[in-house]
Structures are given as C-alpha cells and as structure tokens.
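Heads up: the structure comes next, in structure tokens.
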Amino acid sequence: MPTESASCSTARQAKQKRKSHSLSIRRTNSSEQERTGLPRDMLEGQDSKLPSSVRSTLLELFGQIEREFENLYIENLELRREIDTLNERLAAEGQAIDGAELSKGQLKTKASHSTSQLSQKLKTTYKASTSKIVSSFKTTTSRAACQLVKEYIGHRDGIWDVSVARTQPVVLGTASADHTALLWSIETGKCLVKYAGHVGSVNSIKFHPSEQLALTASGDQTAHIWRYAVQLPTPQPVADTSAVQGAWHQHLLGFGGFRELGAFTHSRRRSWRRHHVMEAGSLRAGALPGVFTPEFLPARLSVVLHVCMSEALCPLLHCQISGEDEVECSDKDEPDLDGDVSSDCPTIRVPLTSLKSHQGVVIAADWLVGGKQAVTASWDRTANLYDVETSELVHSLTGHDQELTHCCTHPTQRLVVTSSRDTTFRLWDFRDPSIHSVNVFQGHTDTVTSAVFTVGDNVVSGSDDRTVKVWDLKNMRSPIATIRTDSAINRINVCVGQKIIALPHDNRQVRLFDMSGVRLARLPRSSRQGHRRMVCCSAWSEDHPVCNLFTCGFDRQAIGWNINIPALLQEK
C-alpha cells in the first residue's frame, strides 16, 4: 500500500491542531444518541474558555438546526422529483396530442395552452416552497430607494397608531399605550404637543380635514376631540452620524457580559396586543425579550436560545447581516427609550368634546367627509356615528359577531368600512339619508385587522391570516388581487396617488406592494435601524418633501421614511 510522505503527515497534523481550537459540527447520518454524544466527546478534548454547559447547549442547538436543514433538503428533493414526474407526464400528453394529426388546430392549441399553464403553476409552487431558504440569503436591490430619515422617540410604551395632519402646519401624530397622544415636527423630530386627557391606552389618532382638531380613541371607552395650536421649529442642519453609527456597531460586536436571547411568538404577540389596548398597559414593551434570528436561518429554523453568551461568541453571532430576517438587538443593547422628551412640550388635558356611548374599548375613530361627523369602532361589536357639534349619537352600526378592530372613512364620499375579528369587514353607505345600506365582505380566514379605501371603488383589507386583499366595491364575491405574506398584517395604508400599499407586520418588517400584488420593496431593518418590535401602523404623506411614509411599533418609536417611488416603479 502507498505510504504518506512526511510533508503530507505534517500538514494533516497542523490541520487537526487548528480544528481543535475551532467550533465545528460535522454532518453525520448517525442515530440521535450518537448525535448528542459526539459534541460531548469533542468538549472533553478541546481547550476552551467557555463553560462546558454553555458549549454543550450550543452544540445541541446547532445539531437541531442541522436536522432542520436536512428535513428541508429532503422535502425539496421530493418536490423536485414530483415536478419532474408531472413534467414528463405533461410532455407525454402533449406528444400524443401532436401525433393525432387533427385536422382542426383548435383542440391542439387548447391542449398546449393547458399544458403550459400547468407547467407554469408547478414552477410557481416550487419557487414559493423554496423561498423560505432563498429569501434568507437574498439581498434587496430596492433598499437604495427606501431611506430612514427621522426617528420620533418620546413615548413610554408601544405606539398603536400614526397619522399625518391634512392642513398646515403639517405635523405627525402618534397614539400610544402610555395613555398619551403626541404631535411631532416632521423635520426636526421635536415633540410639539402632548395630549393627556385619556385614562386608558390611546389606540388611534386622526386629524380633522380642514381644522386643527384631532380625534383620539381610547381603552377608557371614549373618543376625544381636542384642539391643538402648534408652531413648527426651525430645522437644524443634519450632522454626519456615520462615525457614531460605526462606533455603536463596534460596541455591539464587542459587548461583554451576558446576553439573554428569546423568541416572541405570534400567539404571545396577539395576546400582548389585546392586553395593551385596554386601560392598564402593565406589560412594558421593554420588558419583553427580543427575537434573535441570524441571517443564515430561515423563519422556520429560528431557534429559541436561552443561553448566557460570553464575549468570545458575540462577534460570531453578530455577523454580516443583509438577508430577510436580520439580527435584532437584545433589550440591553437597545438605546434607552425611557426618557420622556414630551415633558417639556405643552400638555392638553381637557378635550373639546368627549364621545361616550360604547360599552367597551374604543379601538379606532375617524372623521366623515366634511368633518361634521365622526365614526368610532369598539370591542362592544358596534360602530357609532356621532354629530361632532352636539356629541349626540346619530346611528349605532350593529351586525358584527365579534370585536371590531378598525374603521375607515372614504375621503370624498359618505362611506364607512369597519373590520372585525369575525373575519369580515362591512361597508356602510350614508350617501342617501333615508337608506343606510350595508355590504359584508367575506374572504379572510382570521381577524381582519384593517380595511381602507383607495382611489375609485376599491378597498384594501389586511388580516391576521397573513394576506392582503384588494376588492372592487361593485363585485363583493371575490377579491381582484391577493397578496400572501409570511406574517400577520396590522393597520395598512395606501398611497392614493401611486397606488402603493404599505404593510406593517408582526415580525417587525414593513413591505411595499402595488395594487396588483407585485412586491416593490422591503424597508431596511437591522440592529441599527428599523423597528425592533411589532410594527402596528403605517401612514403615507405623499406631498411631504422630507418623509413620505411613517411607521410606528411597539418599540416605542415612530419612524419617518423617504421612499423614492419613481425608482421603485422603474424596478418593477
């Protein structure tokens, strides 16, 4: 038998020595017992500063990741075999039809068209099934068209709603679970007015179409109308923050001590959501653990790591992030958002008008066209129409089987749409004073979180079933477009001029789609920018020169974005 040369033997020994100082996991086809036994043997032979319990836990978790990848790989291989088999069958059928030498080409054309449709459907299905892995490594080319401009920080709890004034001066309004609503200067990020008239969580805020009035809905079972008078501050020149951001990034990479990493599931997020819209709001947003999903793990492979991480592993875990699911800072790494910057601004404590008729949480409110009437939606399963001047109840809109989640009014017509946890949304027509008709839209399989009007006769609805549907008011039987996503969707908003929908998600992402269902962009989100918790709402301000899109979430901040819409539409 051939013998090894001295150089080969020396190289192999050096390679084994390097391996002994590195953390590696070898792929094996052994049993479960052997898989767990291998890391333990490796631990005994390695010299490391990590505690043995931490290393053992890490290796077991990485073993789980490896097995998940193996399962996905096997599933994809089986799916590819099925596709190849079906393609062969379709090809055989096409040959039989071609060999029949039909005198009329109509049947042949029809069969060929059917075959191509089935083939295209199979390709689409395969592409969707593998997107869970591919999307984690894919870079978004449209990020240059979506830039974070300003962060509005001052609330002491999660922010439920964000809205932009329709009259001059144009200000930003936010409604929070900390029982307050704040008005902000869009350019400077300074808090201008604080409204503290509610004794419960403030769940929504809307501005009057022509006056400096704001309408807020609260968990204290009331809606308030209050007047504000603001003077915009002079914007300061923007400083170069690249050096500061680089230093902060290096601080995160070298952060010593212990890190506690956890997962916040959708079911817990939903119960947390329902808790906060009520009065107390005892659960603080900062007390909840973060979600740690490295770039190389797809969504279904997210591992719950309750591990005390030492300084040596921090650079390993905070690797380069550019995928769909990016690293989220733990609560200890986040900037301190508890400072109440709103303490210096004027405070309004008494409303002009208080609308009181509901027997449950008022989850949303909006102005009817003209601003003389307002509509509210409540957890008591009703929506109420009020006269603003007299505060009297004009109509009580009943029919939903479960709690309402949102209400929205048409910008130019006396139409109202209400959404509910009963998986439906309803259109209420007040254009004819003698007839108040209602139409029911059924198409979702879970809570309809919001439904909003767009241009023409279209309505867009979002749901916890992870879909967004575009409807034609003249045809209620089926939607004209359906957008499928990977996370529950909260309060959506539509850029009327460009017909772009902004989707805020439970998984901290914000995505942009057009009305036909084509994805345009995903807003940047990393450890240094973007939302760190559930994104609750989005709002467009099409004509503003600085920020034309705003989002808010339960990380206690609102964010202003500059979206280069022509560039997005050109990429499409």
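Placement of Cβ uses the backbone N, Cα and C atoms for every residue, glycine included.
Lifted from TrEMBL, the feature list:
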- 1-13: compositional bias 'Polar residues' (COMPBIAS)
- 1-50: region 'Disordered' (REGION)
- 22-31: compositional bias 'Polar residues' (COMPBIAS)
- 32-47: compositional bias 'Basic and acidic residues' (COMPBIAS)
- 69-96: coiled coil (COILED)
- 152-194: repeat 'WD' (REPEAT)
- 195-226: repeat 'WD' (REPEAT)
- 355-396: repeat 'WD' (REPEAT)
- 397-438: repeat 'WD' (REPEAT)
- 441-481: repeat 'WD' (REPEAT)
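For the repeat 'WD' (355-396), the model's pLDDT averages out at 96.
For the repeat 'WD' (397-438), DSSP puts the residue distribution at 0 helix, 26 strand, 16 coil. Sorting each residue of the repeat 'WD' (152-194) by its DSSP state yields 0 helix, 21 strand, 22 coil.
Secondary structure by DSSP for the repeat 'WD' (441-481): 0 helix, 22 strand, 19 coil.
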